[in-house]
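Student: I have a structure here, written as structure tokens, and I will follow up with some questions on it.
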């Protein structure tokens with residue numbers, strides 16, 4: 001037990017063994033009696049420090065340890081290694097069951113009924129006046145645990161019962177440890193280790209890696225005990241409680257349940273050193289029993305005493321969506337054991353199920369080779385990852401995926417459901433192909449050893465555990481990137497910092513691919529599995545680094561805080577240096593990717609984004625070049641009604657004045673309207689058709705009347721001149737930078753080119769305040785374009801140049817959003833319905849920002 005100036009308490013959020021160091025804590029019994037605990041010592045010092053007084057049971061424990069060592073030596077000498085292994089394996093199983101089953105049952109009853117405490121009270125074991133044999137023995141036993149001048153009668157029964165319980169725990173734990181270590185020692189290939197310990201070969205690497213794991217395990221145990229002291233080490237809160245504030249520290253900041261998780265990494269280190277798969281299987285058995293003890297003994301007690309995790313108490317976003325939204329059900333999630341949330345009324349769930357069945361049946365019938373299946377798995381992973389990353393990136397920047405469904409008449413919830421289906425389907429296909437690939441390698445190729453396969457399965461188990469913890473913490477909403485699609489549903493703009501996220505900010509980057517690397521071990525370091533694991537890890541890292549992290553900053557306004565692992569690491573100088581190095585490499589990588597790989601803005605992109613001025617200035621220089629080529633300068637092609645900004649608003653009529661020498665004029669001359677980016681660099685010949693956007697300059701031409709928009713025509717002794725108009729019947733209805741070209745006779749030879757100008761839709765963004773105003777503005781615009789009938793319908797046949805795409809672009813220009821042409825057709829081009837839908841989409845997208 002820790003001293004009164006440095007006590008410990010379990011974390012009251014349901015997380016087991018999250019103990020903390022605190023300044024002052026006064027224990028209290030179940031009867032609320034508060035007391036200052038005496039000083040206690042850890043197990044090793046209590047047993048082996050000769051300066052400390054020993055109790056009778058402690059002497060017995062020491063004797064049993066020595067006896068087991070002697071037994072091991074003589075059994076090995078006279079009975080052989082195999083028989084000795086059986087003896088100590090049997091002992092280990094007995095003591096391990098005594099620990100996990102025996103102590104587990106005792107603690108279970110103590111937790112629920114205070115059985116040990118009540119037994120002590122009922123039989124007056126610690127009563128000063130009690131004189132029965134059991135009472136005298138108990139008092140004699142624990143009196144050795146008190147310092148001189150202190151008395152057991154000063155403390156409540158709960159404390160004394162706990163001290164006595166510790167003695168039996170020490171016996172079981174020390175025998176459990178001793179018999180396991182002796183079993184491992186007997187299993188060691190001593191000659192192989194001694195001959196290869198200084199060599200850089202598989203055996204030498206394996207041995208040194210195992211040694212490092214054992215040393216790490218020792219550090220975990222020492223650090224854990226320095227944090228939790230004896231109180232939590234010996235399950236003190238099953239007997240009495242302590243009041244204190246919580247401050248996480250040490251190894252409990254690095255990993256959940258460290259005494260049960262990484263606290264057993266030494267088992268696997270010893271398995272590596274021995275190279276014996278029997279030792280590995282025994283270690284796994286012991287570790288699994290420990291996890292069962294954690295699950296069925298400690299966790300229920302912690303939740304009962306301190307309450308469950310706070311995240312479980314709060315209603316998740318998914319539960320709120322199910323309750324508040326019509327036609328929404330929780331998404332299908334493919335797990336290691338099958339499907340979660342399967343809905344027999346959702347067709348997409350059946351698609352996923354049929355896809356899995358088709359892949360398995362197809363592989364059974366076609367029986368592809370391992371290489372073929374590996375190529376399919378690798379290609380599928382690359383394609384699906386690129387699709388997922390593209391959707392998430394565009395969704396984060398422009399709500400592209402949601403807009404796509406909104407434009408086609410669906411709502412944002414349906415869009416999110418479709419993303420859930422796509423993401424889960426991709427994950428399911430990738431994992432089922434990986435499982436089949438491993439199976440085919442196991443059947444058709446050389447499989448690895450028992451050790452590599454077992455360690456591979458352990459890595460797979462780590463990934464399953466990691467995914468389970470992540471899902472438990474962030475639920476379906478976080479699992480399916482809900483904050484990319486429905487950030488408006490987030491009540492608290494605060495990043496998760498509980499569960500596994502207390503220890504690691506992005507656990508999926510490390511443990512989320514552990515099982516993928518486990519397949520490398522299972523498939524005996526196959527090159528194809530190395531490629532798969534590398535690809536999987538790279539896409540995982542890229543997604544977190546360049547998509548998730550920037551989006552979290554955008555939505556939550558802050559980056560994730562330092563994880564427990566990072567805080568613990570930076571306490572040490574080497575940790576600070578290592579983190580500094582990682583940060584520098586990370587920054588260099590960012591600089592390289594964003595300066596070398598991100599393409600610079602092109603002219604076409606500038607055109608799309610509205611950066612018109614630089615393009616127009618460039619084209620004015622080209623215009624002067626054409627004039628110089630004409631030589632005389634007696635050529636003129638001017639736009640009459642252009643403003644100072646070189647802009648004309650659709651559908652204004654455009655008047656053009658022209659003049660050429662009589663020698664250059666031909667009655668079949670004509671003027672065409674072209675988009676600058678489509679005409680290319682050739683300023684002497686137009687190599688693209690005008691698509692009907694042209695007019696003759698003379699009424700005596702051989703052209704049809706539809707293309708004779710002549711306002712004026714005349715000539716004198718030197719020049720022929722006139723003016724024409726481009727009205728809505730031949731005008732372009734697409735925004736962009738345009739120019740007029742005067743062509744000679746019935747050819748595409750350019751005589752002169754007008755000044756470039758911008759053709760834009762009217763701007764109403766600032767003036768449109770509500771949906772009714774938007775409807776009125778849209779109808780007015782369509783009426784000016786001559787495509788509105790019955791005061792409410794858009795008629796596609798009124799103007800072949802004003803299409804559904806044009807109307808879509810109008811809404812995009814006016815409201816920064818639009819609907820699809822398919823949706824327009826479904827409404828029979830009803831302007832009221834279409835405009836109301838556009839307004840609704842705008843409100844939804846604004847709400848998602």
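One is the number of the first residue shown, and numbering goes on along the chain from there.
Cβ from N, Cα, C; glycine included.
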Student: Would Swiss-Prot have residue 189 on the same side of the membrane as residue 713?
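Tutor: Membrane side for residue 189 and residue 713, as annotated in Swiss-Prot: identical.
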Student: Look up transmembrane segment in Swiss-Prot and report which of 86-106, 107-127, 128-148 it refers to.
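Tutor: Based on what Swiss-Prot states, transmembrane segment spans 86-106.
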Student: Tell me which of 286-303, 304-321, 322-339, 376-393 corresponds to the transmembrane segment entry in Swiss-Prot.
Tutor: 376-393
Student: According to Swiss-Prot, which listed range is transmembrane segment: 168-188, 483-503?
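Tutor: Feature transmembrane segment in Swiss-Prot: residues 168-188.
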Student: Do you know which of 232-252, 547-567, 568-588 Swiss-Prot annotates as transmembrane segment?
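Tutor: Here Swiss-Prot associates transmembrane segment with the stretch 232-252.
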Student: Averaged over the topological domain 'Cytoplasmic' (253-264), what pLDDT does the predicted model reach?
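Tutor: In the predicted model, the topological domain 'Cytoplasmic' (253-264) has a mean pLDDT of 82.
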Student: Under 8 Å, at least 3 Cβ pairs, sequence separation 6 or more: does that hold for the transmembrane segment (418-438) versus the transmembrane segment (351-371)?
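Tutor: They do touch: at least three Cβ pairs between the two stretches lie under 8 Å.
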Student: By a Cβ-Cβ criterion of under 8 Å, what residues six or more beyond either terminus of the topological domain 'Lumenal' (394-417) are in contact with it?
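Tutor: Contacts with the topological domain 'Lumenal' (394-417): 321, 325, 327-328, 331, 348, 480, 482, 484-486, 547, 550-551, 554, 817-820, 822-823, 826, 837, 840-841, 844-845, 848-849.
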Student: Residues of the same chain, at least six outside the transmembrane segment (351-371), with any C-beta under 8 angstroms of its C-beta?
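Tutor: Same-chain residues near the transmembrane segment (351-371) but 6 or more away: 332, 334, 339, 342, 421, 424-425, 428-429, 432-433, 436-437, 440-441, 444-445, 528.
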Student: Near the transmembrane segment (200-220), which same-chain residues lie under 8 Å Cβ to Cβ, leaving out any that are not at least 6 residues past its ends?
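Tutor: Result: 192-193, 251, 258, 262-266, 268-273, 275.
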Student: For the transmembrane segment (510-530), name the stretch out of 86-106, 376-393, 452-472 with the most CB-CB pairs under 8 Å.
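Tutor: Between the stretches 86-106, 376-393, 452-472, 452-472 has the largest tally.
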Student: By DSSP assignment, list the helix, strand and coil residue numbers for the topological domain 'Lumenal' (473-509), in that order.
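Tutor: Looking at the topological domain 'Lumenal' (473-509) with DSSP, the answer is 21 helix, 0 strand, 16 coil.
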